Amino acid sequence: MNRFRYVILILGLFSYCCFISNILTLNFAVVCDANENETSLINYEASEMNFLFSIVAIGNIVGTLTVQYLFLNIGAKNTFCIFLGISLISTELIPIALKINYFFTLLIRFIQGISWAIALPGLGAMTFSWAPLPESGIYMTILSTSAQVAPLITMYLSSRLCSNNFGSSSIFYVHSLISLCILIIYYVLYNDHPEDSKYVSTEEVKYIKHKKEGSERRGHSKEPVPYKKVFLNPTLTLGNITYFIYFLNMHLWMQYAAIYMNLVLNYDVATTGTITSFPYFFGVIVKILYGYLSDNERFCSLPIMLRILEGTGQITIGITFIILGLFATQYPFLDVILYSVQIILGASASVVISKSCLLVSQQHFHFVMSIASIANSIALLIVPSLVSLIMPNFEVEGWKTLFSIIGVLTIVSNIGFLIVLKTEPEEWTKTDFTDNKNEFK
């Protein structure tokens, strides 16, 4: 078989969807629970709910600190299996925790956050290990569509479970069961190195490894990351700052889209589920298109192509946020259109950043993604705090202020990244590695 890397690609996509979907279960369960006629399962104030969202970010940061250690000592596959197991168990325990008390629920959400820390470093490791360089852009793009596919699945599935009177608890149990099935398949099929898989031909292994810096097997030794050089590299640093601003946008809508559509714009639960989930479908299509174009130098050079893709996508998002900041709730249909544009184009945010950072950092890309994971966690922590500070009761003026802030930051950060964007490997990725001394020559 000469195409097994694509099996890994699809498996990776749905595997990483599980982490995001499990985190999002509580977000839609809040809306579902508020519309149930039975005894309410979730009885918390807005500030308490915001902290339930924020605690995931704290767990994510703690988890990120352990991911690199586990990667180096037990490998990406074993680390992934442990974290997905933690994710599915904690998701299944949430309905029980909600019935016990608030602090137990906080603990379970914290554990959910720890499990999520594997997502971005795992995507980076899988891309470098399994994607040939000519396919790295589209490969990483498809893997990262988990950020769009997961909300699409979770919001739609949750709305169906809720509208068919299965109750908010069913949202957690169904997602946990799906995660268990994915975990079993992943454990059976995945290997950290393509050459270790019985399903991969020698020809495919050679194609995957062709022209990769640091892709040779190193026994049990591991190449140290040049931390200072990574942090001082303009492309990598500005890339992660831009990523961070995108994460503010992403988490605002992931956590509060259902609340905004249902409680602020007054759409019913079924309509809210459709409105909030449907744009993610088109986002997947746009993201794959951007990924294909990021690997294509037929029309212009790669740096120019990446700048065109980043500029047309992300600066447009910044403009739509500013428009929302001016007219939010005045024309509900306009809000839905602008939200849809942001979700659809937002899907492409990771394409250019990931492609550029992968080409620059090569075998150290997993560490760059760990930085992005921390940025993701900080954004996840900041968004509920901003909501509590600016609009504790979801006031319209507060929404407008938050939209305007994100819009300006999006435009400024993307202009900065476009200026420093590079596509050539840095010299420190080409440095010889000595197995015995575990150091750079």
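The backbone N, Cα and C atoms fix where each Cβ goes, glycine too.
Please treat TrEMBL annotations as automatic predictions, because they have not gone through curation.
Per TrEMBL, the features are:
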DOMAIN    1-425  domain 'Major facilitator superfamily (MFS) profile'
TRANSMEM  7-31  transmembrane segment
TRANSMEM  51-72  transmembrane segment
TRANSMEM  79-98  transmembrane segment
TRANSMEM  110-131  transmembrane segment
TRANSMEM  138-158  transmembrane segment
TRANSMEM  170-189  transmembrane segment
TRANSMEM  230-249  transmembrane segment
TRANSMEM  269-292  transmembrane segment
TRANSMEM  304-327  transmembrane segment
TRANSMEM  333-353  transmembrane segment
TRANSMEM  365-390  transmembrane segment
TRANSMEM  402-421  transmembrane segment
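With a cut-off of 8 Å between Cβ atoms, the residues of this chain six or more beyond the transmembrane segment (365-390) that come close are 46-47, 50-51, 53-54, 56-58, 60-61, 64, 67-68, 71, 113, 117, 119-121, 123-125, 127-128, 225, 227, 230, 236, 239-241, 243-244, 247-248, 250-252, 255-256, 357-358, 398, 401-402, 405. Packing against the transmembrane segment (230-249) from elsewhere in the chain are residues 314, 317, 321, 342, 346, 349-350, 353, 356-357, 360-361, 364, 367-368, 371-372, 375-376, 378-380, 382-383, 406, 409-410, 413-414, 416-417, 419-422, 426: each is 6 or more residues past its ends and has a CB under 8 Å from a CB in it. Two recorded stretches are said to be in contact when at least 3 C-beta pairs lie under 8 angstroms, sequence spacing 6 or more; the transmembrane segment (170-189) and the transmembrane segment (138-158) meet this definition.
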